[in-house]
Every structure is written in C-alpha cells, then in structure tokens.
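The structure under discussion appears below in the form of structure tokens.
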Amino acid sequence: MELSLLQLTTAAIITVGVVYLTIPLLIKVAYHKDLYDKPDGERKLHDRYISSLGGVAIFIGLFIGYAISGYAEQLTGFGYLSAALVLLFFTGLKDDIMGLSPNKKLAVEILTGMLIIFGCNAFIGNFNGIFGVDQIPLYLSIPVTLFTVIVIMNSYNLIDGIDGLAGGIGLIASLFLSAGFFAAGNMPLTILALFTAIAMLGFLIHNFHPANIFMGDTGSLVVGFLLAFLTVHFIGLSEVRSFSIIYSNASTVLPIAFLAIPLYDTLTVFLKRLARGDGPFTPGRDHVHHQLLEIGFTQRQTAVMLYLVTILIGLLAISIAHLNNNIVLGVIILSMVTFLPTSGYKRFIFKKLGIIDLERYFTYQERVAERNERTSGVERSSGQKKKKEAKQVG
C-alpha cells in the first residue's frame, strides 16, 4: 500500500515536534522532582546538574510518529517490537531514576532480543562470505543474532559520554540504514530507520554542547535496540536484487561501518581493561571521546570529529562494497585505526599540525603519569596489606 507523501511529512513533523517540545517539560519535571545526572569531575564531564530523561521524549515522539506514518501495521511483528521497546523504556527509566544492576539490564536485553528473533522473524542467517562463512544453521543463527543485538545495544550505551555524541551517531547510522532499506524496497523499515534519525534530530537540538538534557539509559536502550533490530534486518538484504545492484553482497559488513565508532570503542576499551587486569565493565575514562577531550579537543570538536569519521567510513565502505567482504571489513578496521588520534604517533602528528592544544596535550601527559602512579600505589598498598594479613593469620 502506497501512502501519501503528505501523511509521511506530517508524521515526520510530529515526530521531531513531539521530541523537541517534550524535552522542556521533562526538564521542568526533573527540576521539581530532583531527577538530575550529577557531575563527578571524572567520567561525568558536565558542569551542572542536568536531567537524563531525554529518552522519554525520544520514545514518545518516535512511537507516535511511526504509528501515524501508516507503516507500523505493515512491519512484520510490530506488536512484538513494540512490547520489547516498552519493556526497555521502563527498564531504562527505572535505571535513570533509581538505578538498576547490570545483570538485571542484561536479562531484559536478552528477553527483548528473543522477542524480535521469534516475534519479528529477525535473525542473521548469512555471513555473506566473511571469514569464509555463508549460510549458518538456525541453531547457530539464534545465539549469533542475540549476541549481535546485545553488543550493539551496549556499544551504543557506552558512547553516550559527551554532549551530542550518541544522538549524532544514532542519527547518521539510522540514515545510512534507511538508505539501504530504501534501495531494497522495504518501506516499513526505511521509514522506521528514517524516523529514528528524525527523533534524534529533535533531541540533538537540546543535547548538542552545551546540553540541556541527556538521553539517559531510557534513550540509549531504546535507540540502541532499534539500531540492533535494523542491523539484523539489514544483514539479510544482499538477497534482494535492487539492493545488491548498489551495495553488492556487503550487507553484513556495512552496518559495522555505520556503527564503527561504538563498536571500535567498545572493543578497544574492553581489550585495554582486560590487559590491565580490570573487569571489562569497570567504569573508566578510556573511551575514545575521553581520550580526544584529554588531548585538547573540546566537546563540540570531539562530537563533530566522530560524526565525520562515521560518515567517511560509511561512504568509504559503500564505495568499495563490490569488493570481497573480508577486504571491506579490513578497510573499515584500518580506517578506524588511521582516522582517530588516540595513539602516540597520531597525537604527535595532530600536535604538530596545530590541531591539538599544546598546553592541554602536555597536561594530559602529566595526568596519565599521575594516574598510573596512583594506580601503582594502590596496587602496592593492597599487596602490602594482603602480606600483612597473611602474616597475622600465620
């Protein structure tokens, strides 16, 4: 069923309007109920109390807009998707207001992942030749899909550390995904991805530095889940002829490019923490955006730089989509390693080019040295305490 452009335009305006206009109301509610995200001078970098209820506006605006668009009823398993989103919404809301243990959040993520796998027929059945793997059996497809959903959700949540970053990355990734669905002729998913981007736009007006509100876990869980849901469907598009004319059979690797920042950040952070002997979920200031801030970039510059890197890697991956998928994946990984000044030699180059503030750069080096010394001191103190306790027991 073809729907009128007027109806879609109206739904889009309502989506961005509801998000944009609801946020000031949420800020007032947060003020009266003392529902603020409080700065701590370490990981939380804002300089004043800010509400983290922005996800409420995103959820309401997106849900209303997509329902009005007329495509919701055409989406396979929309009822199951809605149930999953509502469950994530209230889970995130509880976490933003009262706090929630990681294990309980993970349980909800697994449950909602299973809802879309069985209710929306959303599962990964083909790797399209990555590492020599094509079709995978159903008994492997289900855990692979569930793992993908959980990884994308948590990766997206982890980049929500500075003003405008998660919202901007979500907007860009949604637009890339929407273009792919449009090429495949899948309008329900095209509009869902497009309206996700539109909702992000309404949110970013209030969230770009200096932010008036954060999306909180309410927003990051809902948007991260939608990106995961769209990605799982996107991976199966290589079988559609109109899609393969433009994107070849690269439907498996392209979402990695569109979500390069959160995926790269999560992988590198986890590896660094494991190498230090820390737990992978231990909070810290070792994310890509923290490193960029500490070597001299402002919050705005950091967010815009990561937007541009996402766009460049996405366009680059699309331009070489006709190549072997393993080559495309290698180029994506190499691009991430090349584009971000998060290692010593790249910082040196950026410093010489005048891109990095020299004073902040050297201050950063001093902070790193102090942090390492403090960590070593804590470890030595802990070791001495254990030895003393052992002697007392003996």
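Any Cβ shown, glycine's included, is placed from N, Cα and C.
Positions annotated as Mg(2+) binding site by TrEMBL: ASN157, ASP217. DSSP classifies ASN157 (Mg(2+) binding site) as helix under the three-state reduction. Under 8 Å, Cβ to Cβ, and six or more positions away along its own chain, ASN157 (Mg(2+) binding site) finds ASP217, SER220, LEU221, GLY224.
Under the heading compositional bias 'Basic residues', TrEMBL lists 383-394.
Sequence annotations record features per position, and here TrEMBL assigns region 'Disordered' to 371-394.
If you look at the transmembrane segment (6-27), the same-chain residues 6 or more away from its ends with a CB under 8 A from one of its CBs are 51, 53-54, 56-58, 60-62, 64-66, 68-70, 191, 194-195, 198-199, 201-203, 205-206, 212-213. Positions annotated as transmembrane segment by TrEMBL: 6-27 (among others).
Per TrEMBL, the feature transmembrane segment maps to 48-69 (among others).
The transmembrane segment annotation in TrEMBL covers 75-94 (among others). Sequence-remote contacts of a segment are chain residues at least 6 beyond its ends whose Cβ falls under 8 Å from one of its Cβ atoms, and for the transmembrane segment (75-94) they are 53, 55-56, 59, 63, 100, 104-105, 108-109, 111-112, 115-116, 118-122, 188-189, 192, 216-222, 225-226, 229.
Within its own chain, the transmembrane segment (106-124) is flanked in space by residues 75-81, 83-85, 87-88, 91, 136, 138, 141-142, 144-146, 148-150, 153-154, 221, 225, 228-229, 232-233, 235-236, which lie at least six positions past its ends and keep a Cβ under 8 Å from the stretch. Residues annotated as transmembrane segment in TrEMBL: 106-124 (among others).
Per TrEMBL, transmembrane segment is recorded for 136-153 (among others). A Cβ distance under 8 Å defines the sequence-distant neighbours of the transmembrane segment (136-153), meaning residues of its chain 6+ beyond its ends; these are 106, 109-110, 112-114, 116-117, 122-127, 220-221, 224-225, 227-229, 231-232, 259, 262-263, 266.
Sequence annotations record features per position, and here TrEMBL assigns transmembrane segment to 165-183 (among others).
With a threshold of 8 Å between CB atoms, the same-chain residues lying at least 6 positions outside the transmembrane segment (189-208) that come near it are 8, 11-12, 15-20, 23, 54, 57-58, 61-62, 65-66, 69, 71, 75, 163-164, 167-168, 170-172, 174-175, 177-178, 181-182, 214-215, 219, 223, 226-227, 230, 233, 300, 303. If you look up TrEMBL, you'll see 189-208 (among others) marked as transmembrane segment.
According to TrEMBL, the transmembrane segment annotation covers 220-238 (among others).
Look at TrEMBL and you will find 244-264 (among others) tagged as transmembrane segment. Tertiary proximity for the transmembrane segment (244-264) is limited to same-chain residues at least six positions away from its ends with a CB under 8 Å from its CB atoms, namely 126-130, 151-152, 155-156, 158-159, 169, 172-173, 176-177, 180, 183, 227, 231, 234-238, 288, 306, 309-310, 313-314, 316-318, 321-322, 325, 328-329, 332, 335-336, 340.
Residues annotated as transmembrane segment in TrEMBL: 304-321 (among others). Note on the transmembrane segment (304-321): residues 165, 168-169, 172-173, 176, 246-248, 250, 253-254, 256-258, 260-261, 288-289, 292, 297, 327-328, 331-332, 335-336, 339-340 of its chain, located 6 or more positions outside it, place their CB under 8 angstroms from a CB of the stretch.
Here TrEMBL flags 327-345 (among others) as transmembrane segment.
Beyond the transmembrane segment (220-238), the same-chain residues lying 6 or more positions past its ends with a Cβ under 8 Å from any Cβ of the stretch are 55, 58-59, 62, 81, 84-85, 88-89, 91-92, 105, 109, 112-113, 116, 120, 122-126, 128, 145, 148-150, 152-157, 160, 166, 170, 173-174, 177, 180-181, 183-184, 186, 189, 192-193, 196, 200, 244, 247-252, 254-255, 259.
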